[in-house]
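Notes follow once the structure below has been shown.
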Amino acid sequence: MQLKRVAEAKLPTPWGDFLMVGFEELATGHDHVALVYGDISEHTPVLARVHSECLTGDALFSLRCDCGFQLEAALTQIAEEGRGILLYHRQEGRNIGLLNKIRAYALQDQGYDTVEANHQLGFAADERDFTLCADMFKLLGVNEVRLLTNNPKKVEILTEAGINIVERVPLIVGRNPNNEHYLDTKAEKMGHLLNK
């Protein structure tokens, strides 16, 4: 286990009241959060989203990505379902960090795509570690998930880490003129399952 569960509190939101559960990485002290809605203790698969931190999309309403749109759509779907989990995976910019993400944006403004920009900065296309999320699910007592994602790699890694993904639920929202090239690149170079 790479994490420990350290704190929890009620979090009222526009979608209803969630239980916010805080986790701490044992090796680094980095924190991550789960938002739990309703009773997840039933022995049926739980609707869940692994959402990687995106300050620009989630909090600053950037149209360069689909992250903020996905966050809102996932919370809406979880609330409508009556139970579910959103794991807020604190690995900003596919885990290159906020400042490098800004540098990558500058390279994209010069014509590089999102993958090329990461490579120009010395990073892989995706530096995230989703095994941490498998540990969060396990600490929440969840083993079977209906995963809200367009990323087949996320499904593969969580499955290899012991989480039974019984269904991949598409989450295709937020396409606009500012992020079309970004989304097309994610589909073409990173294998994301995105329909235009």
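Placed from the backbone N, Cα and C atoms, the Cβ positions cover glycine too.
Copied from Swiss-Prot, the annotated features are:
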type     : residues                                                                              : note
ACT_SITE : Asp126                                                                                : active site, proton acceptor
ACT_SITE : Arg128                                                                                : active site, nucleophile
BINDING  : Arg49, Val50, His51, Ser52, Glu53, Gln70, Glu92, Gly93, Arg94, Thr114, Thr149, Lys154 : GTP binding site
BINDING  : Cys54, Cys65, Cys67                                                                   : Zn(2+) binding site
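With a 10 A radius on its CB, the residue listed as 'active site, proton acceptor' counts 20 other CB atoms from all the protein chains. Candidate recorded positions: Cys65, Cys67, Asp126, Arg128. Nearest to Glu53 (GTP binding site) by Cα distance: Cys67.
The Zn(2+) site is set by Cys54, Cys65, Cys67; from the centre of their CB atoms, other residues of the chain with a CB within 8 Å are Ser52, Thr56, Gly57, Asp58, Ser62, Arg64, Asp66, Gly68, Gln70. In the three-state DSSP scheme, Arg49 (GTP binding site) falls into the strand class. Among the binding-site residues Cys65, Cys67, Glu92, Arg94, Thr149, the ones whose Cα sits within 10 Å of the Cα of Arg128 (active site, nucleophile) are Glu92, Arg94, in sequence order. Put simply, of the recorded positions Cys54, Cys65, Cys67, Asp126, the one whose Cα is nearest the Cα of Glu92 (GTP binding site) is Cys54. With every protein chain in view, the residue among the recorded positions Arg49, His51, Arg94, Arg128 whose Cβ has the most Cβ partners within 10 Å turns out to be Arg49. All protein chains shown were included, and the count of other CB atoms within 10 Å of the CB of Cys54 (Zn(2+) binding site) stands at 23. Under DSSP, Thr149 (GTP binding site) is assigned to coil, being neither helix nor strand in the three-state scheme. Each of the binding-site residues Cys65, Cys67 was scored by the number of other CB atoms within 10 A of its CB, and the lowest score belongs to Cys67. For the recorded site, Arg94 (GTP binding site), the DSSP three-state label reads helix.
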